[in-house]
Amino acid sequence: MRSPLPVAAQSPGQGIQGGGSGVGTTSVENVKDIRNTVGNVPLEWYDDFPHVGYDLDGRRIYKPLRTPDELDQFLDKMDNPDYWRTVQDRMTGHSVQLTDEQVALVRRLQRGQFGDVSFNPYEPAVDFFSGDLMIHPVTNRPADKRSFIPSLVEKEKVSRMVHAIKMGWIQPRRPRESTPSFYDLWAQEDPNAVLGRHKMHVPAPKLALPGHAESYNPPPEYLPSEEERMAWEQREPDERKHNFLPRRFPSLRAVPAYGRFIQERFERCLDLYLCPRQRKMRVNVDPEDLIPRLPRPRDLQPFPTCQALVYRGHSDLVRCLSVSPGGQWLASGGPRVGQPCHGGWAGGRVLRAHPLCPGSDDGSVRLWEVASARCVRTVPAGGVVKSVAWNPCPTVCLVAVAVEDAVLLLNPALGDRLVVGSTDQLLSAFTPPAEPAAQPAHWLEASEEERRGGLRLRICHGKPVTQVTWHGRGDYMAVVLATPGHTQVLIHQLSRRRSQSPFRRGRGQVQCVAFHPVRPFLLVASQRSVRLYHLLRQELTKKLTPNCKWVSSLAVHPAGDNVICGSYDSKLVWFDLDLSTKPYRVLRHHKKALRAVAFHPRYPLFASGSDDGSVIVCHGMVYNDLLQNPLLVPVKVLKGHTLTKDLGVLDVAFHPTQPWVFSAGADGTLCLFT
């Protein structure tokens, strides 16, 4: 196998000029014939050798020292004016520059012309055999003898065939019987037929019997009116109840021929042989076995069953509430300062006092006593309270309140005086650094007048705050801002008074956040997903897809392996983080949007509040055995709020030690269910 354009094809005096970088080109000194003599040996055999073949003298033809890469080819294309006529000889591995004659030859072949320039394909043809009668013949060879004498070989073949026919060895072909190309597919449908004996045979469906509408003299109620006739004609053929219009004739003899008879017969034939028929194996299953066997609610006690207290005194809706870890006092958002508060009993016995902290739209935070429903203290916030969170550390008496664009840290001065004093000492022990660093939020000390009202610190963000939540140890808190971008979530450290933005870019509108109770994780819920971030590694660990239109709330199980989130499309989604990023169970017990969800810190309970004015308490048992799935059973529907402006329950929270649940409603009341 020779190269189509070998080096020896050029004249000795002409030489070979390399192009561009000179990599793999033949110099002027190497004008001698370096033709490769390997023949039809595949060149792939020489891939692992430094040479590519042998020349006429038996010496090795070495490959170029460096094969030009794409950069070398690009530079050669830009610098060498003869790059377009330079080709690579696969037999030698060198670059060859085509001459003008060779370029002209390639162009002629590309145009479909002959390679030889001097060849004329349109030369005049010589007519050797013309139609004119001439004296001398073209050939005067005498005829062969076999042209007029019978063949002996053919005579012998015919005699053999005659003998085979006489002996019966060769039979004549029988004429083909004319069989019809169509037949009745269900002609043999009797039980003794082949199709009838087939186990999976399904008989053809029968036509429906004609009704009163098909009669030639139907009752008057079956005859359409003019409006019904026009409506029937405007509908699509598939949407019509009947494919004909009932008509009345005086007698059967007056009925004309049906115009769609052939078309309907053809459609019937198509339905018979094109529609698949399959025998469905019916399984006799008891309907009671399909219902999951759930335990009885009385076996799952304790859980809240009735309304025990109603806290009245708000002039507007209550958006949020929070339960303190100590369990001595109660706080909520209330009316303007100076308006009297009224506590109400809804039944039940005297309860032990436990604190709770909600916020409302009337611009104040109120402190209550759980057992007596008595308002103890009112702290004006100066704006709409969007979120309230009590510090979970039992040795710190501190409440974080989200008001407009600031987070207020309040010391309600309730409970143990030592705890109240240690909280003020903790806040006053901070020493500002010599060179304060740039932070996304500003920490401001409260004035003397504000300190008398309970305010200790004010964290200004410049943008509206929608949520504030504490870490389990009480030193960090996360804040959600109503602004697009990567600064939607900020984390504040109380001991150092330092703020930071943990994300570099935003991923949708953040709805709410929550700290993991055990691990250094931060759960961020956006509109369509819930992301789990590792704060130490600063990376995304998991992305949960709740398959909801709009996530509204989020709660983490005290063990940390399960998460629930509510949505505005009336769904409560349970996630098992060890199982999958898809929902383990979707509960649709509410009729309207879910506003809040919560886990009980000790009992296997979780609750959800909705705009339908109800709180549904469910039993959610999480087992230590990883092979056993969580048990989710709804146990009680609690109703105690009236709908106001199409809003019902806005927030729910469990008591830290007792199986009680608190709810905040749009009607300006808080309810305690025990």
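Glycine too: its Cβ is placed from the backbone N, Cα and C atoms.
Heads up, TrEMBL stuff is auto-annotated, nobody curated it.
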Region 'Disordered' per TrEMBL sits at which of 1-27, 217-243?
1-27
Counting by DSSP, what is the helix, strand and coil composition of the repeat 'WD' (359-378)?
0 helix, 13 strand, 7 coil
Which bits of the chain, at least 6 residues beyond where the repeat 'WD' (587-617) starts or stops, bring a Cβ under 8 A of a Cβ in it?
302-304, 552-558, 564-574, 632, 634-643, 646-657, 659, 661, 663, 665, 673
Summarise the repeat 'WD' (587-617) by DSSP state, stating how many residues are helix, strand and coil.
0 helix, 17 strand, 14 coil
